[in-house]
Amino acid sequence: MVNTQHTFKNIRVYWLAFIVYWGIILFGYDTGVAGGVVSAPFFLERFGLLNADGSVNKQRNADVSSNVVSVLQGGAFFGALSSAPISAKIGRRLTLQIFTFIFIIGAILTTVANGSHGLSEIYGGRVILGFGIGGISAVSPAFVSECSPKEVRGRITGLFQIFVAIGVMLSYWVNYGLVPLKPGPKLWQIPFGVQLIPAGIMMIGLFTVRESPRWLASVGRTEQALRNLAYLRKEPEDSEPVIHEFAEIEAQIQEEREAREGLGVREAFLGKGNLIRFVIAFVIFFLQQWSGQNSVNYYAPQIFASIGYTGRKNGLLATGVYGVVKVVATALYIFFGVEWLGRKASLFISGMGMGTMFFIIGAILKTHPPPATSANSIVLDPPAASKAMAGLLYIYVTFYSMGWGPLPWVYCADIFPTRTRHYGMATASASQWLWNFTLSKTTPQMVLDLGYKIFFMFATINIGGMAVFSLLIPETKGRSLEDMDVIFGAVSKEKRDADIARQEQALDKQQHVEETDRASGSADEKERV
């Protein structure tokens, strides 16, 4: 259950997440908008995706569709990797401002695309905005996690997936709202232009938030780190909770400096207790992307057409409802379930549920194939079997939203220490975008080649890969970020407790000296008066 006292106590952290995660709306919006754009009849006609008789050239359409979607993931992969050294050097907030500016440039290029070079402009713009999204997606969860208290860190960090789902949903309904428009370039210029709104909100909003206290402490800016931590917790700098949390932060940083001095990037990957964390980050996003969810996200109109929801309006309406279900399910889980069920149980139930739904959908699709498979064919009333498969897809996304949607981001933001978190989240995000790229590039061809079997393939991965993997990883619910070194064996619990006690004593002594100095200054002032 949501604790109202914690919500108001941490209102500044929620505000930070709200601002930072506007970039994650961009993440969701851009992954969802392209599928509706490339299925529009005018887009097919303008860019030569029709045969001489007016029918869709399925192979050419699959190639262009996958290119429009996948070039974003290619740019995002390199954006995520490049974010690590930048974030380590200049901090989380300024890094996000830089990548948001890059995104805006790419968004403008896709918005103005038209004429004979329109497709090239769309490709180029999506590479650039993909680079921006990649950096944003790597830095945002790390920034939010570093600023969140352990009691509600899962909930606040998990807002990431709610904003992704909101972005995807908005993209579906924007495409649906354009159905009555007269055919023309506005059918892609408006959807691509809308993304400038959240980008502008994020750019302005970043000026209202403070830098991560954990990053500040890691680069030696101790006074500012303590001040920012107290600000986020709405506590005085000398309060016991702030002193204890800051002592934990300082103890962990000092341990890293002593144990890994001068090892740099090599230490980030090979230091004691680190390699397994990078393996988990890579594998958890590999599995997430092969869950089948993003194939539905990117090509939702085509996917719904394949189960009977043909006609552009019907397909986009079914897709829009899918987006609403995803947002509601994600929000309910993040606010009421993530800190109750924990990470492992949620991931296991999620994987089993998704796999079961996909096995049933594949079986129905085999035995009751839809009347037409073109997204622009007209079928006024989809058969009962198609309606059942749509309902099962809605149940599927509910299972996805209670585990494998939000938790990979939460889990990866949890497990890395401050000094290597930027490398860890860059690796996690790069893995996500690498397999994103692979899926977005291959899904149209897989739909053509495999038909109903694509659901069986994803179902097998859901149960045999994702559910099993969830049983093998440590639980992180309710543990501080500094506890992760103990969980993964980088330091013993006894040493950590001793280091925290020493740091608390040092901070208490420093506070006492400052209070004595202030008292002495006040006495001198009175004597002069």
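Just so it is clear, glycine is given a Cβ too, placed from its N, Cα and C backbone atoms.
Going by TrEMBL, these are the annotated features:
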TRANSMEM  12-44  transmembrane segment
DOMAIN    16-477  domain 'Major facilitator superfamily (MFS) profile'
TRANSMEM  64-82  transmembrane segment
TRANSMEM  94-113  transmembrane segment
TRANSMEM  125-144  transmembrane segment
TRANSMEM  156-175  transmembrane segment
TRANSMEM  187-209  transmembrane segment
TRANSMEM  275-291  transmembrane segment
TRANSMEM  316-338  transmembrane segment
TRANSMEM  345-365  transmembrane segment
TRANSMEM  454-474  transmembrane segment
REGION    497-529  region 'Disordered'
Please give the sequence-distant neighbours of the transmembrane segment (125-144): residues at least 6 beyond its ends with Cβ less than 8 Å from one of its Cβ atoms.
13, 16-17, 20-21, 23-24, 26-27, 30, 34, 68, 71-84, 86-87, 92-93, 95-96, 98-111, 113, 156-157, 159-160, 192, 195, 212, 409-410, 412-413, 416, 421-422, 424-426, 428-430, 432-433
The transmembrane segment (12-44) in contact with the transmembrane segment (345-365), cutoff 8 A, at least 3 CB pairs, sep 6+:
no
Based on Cβ pairs under 8 Å, which of the stretches 94-113, 156-175, 187-209 lies most in contact with the transmembrane segment (316-338)?
156-175
Close approaches to the transmembrane segment (156-175) from elsewhere in its chain (Cβ under 8 angstroms; 6 or more beyond its ends):
10, 13-14, 17-18, 21-22, 24-33, 36-37, 40, 140-141, 144-145, 148, 190-191, 194, 198, 297, 300-301, 316, 319-320, 322-324, 326-327, 330-331, 333-334, 338, 401, 405-407, 409-410, 413-414
Segment confidence, the domain 'Major facilitator superfamily (MFS) profile' (16-477), expressed as mean pLDDT:
81
Near the transmembrane segment (187-209), which residues from the same chain, at least 6 beyond its ends, have a CB less than 8 A from one of its CBs?
15-16, 18-20, 22-23, 25-26, 29-30, 33, 36-37, 40, 42-43, 93, 96-97, 100-101, 103-104, 107-108, 110-114, 122, 125, 129, 167, 170-171, 174-175, 178, 181
